[in-house]
């Protein structure tokens, strides 16, 4: 199976392990009732898989953009947005078409308006009671809004010569997120806790506290902070790289603390203080994963490589697969099958992700690379012609510029 994927020799396997862990956490959490008893503790923290994805995205996109700006004093916005477009949208649209054309694949009672999905604003005003189908797209909306704003923010910060203040401003944004969650909890959640309306309490928590992008920047900001250190603080990078396993250990300790704080996902502590604590914990784990001295960095695994490669496709499609498989297996009178519905769902969700990857993701990624290569070739030819003109103007003499 490994030959089906492009295995880059420069690949950071430590991050593959984390991507695989993130999607497995999400898959376990979204399965609902019926998982094996020994997986219950993992299911309790399964929702944090999304936060791990946020930290990874913040680091990877932040590192890419900051490195480009550091080297060129500019960011090629057209190239960046085209790469994101071809990476995210084709598979997303394919799943969206399935949701809207085949009602039998919907795991919930309804869908938000189509325009909200197409504009990646579905995470605002999402009614968790009546719009359950494809509700997990909320995290994609958060990331897409981040992708839209991040390169522009970097350009503006450097043009205004505010880059030295950037870390403090990012920490301030985390603080603002905490204050907003406190306000929204008191405004939209606490009143329903007091009058005993659990349904309205959960709806208010998800719609006003958990889903909105301005409340969920913690993980993305932590990732960008790590990217900033690795681009502009070589001394810090060297220090952190020496102690990769200590970073992993510190991350695990913080995560255990977060586990206690987030004993209930529906609690004030979890939503207000647990989210930044989880992001910080995953931040140290990411630092460990990219440090050459750590176990995660050195460990290579075909399994995690494949799951990491398929993680986006699996994330998009796994709820549809679960829903369909549960319906198909419900009336089968076979003890072995009924005892292993969970594992069957997991395996078929991976296969579903593989199909989406091979027939949608991979062809469009190939097309993207071809378009970008043509664009690069044209740019190089233009530079070459300009260089020839430069030489002719100065009589063939080498001119320092």
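Glycine too: its Cβ is placed from the backbone N, Cα and C atoms.
TrEMBL entries are annotated by machine, without manual review.
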Out of 113-131, 189-207, 303-321, let me know the one TrEMBL marks transmembrane segment. 303-321
Mean per-residue pLDDT computed across the domain 'Acyltransferase 3' (13-355): 95
With pairs restricted to those 6 or more apart in sequence, evaluate whether the transmembrane segment (165-183) and the transmembrane segment (244-261) have 3+ C-beta pairs under 8 Å. no
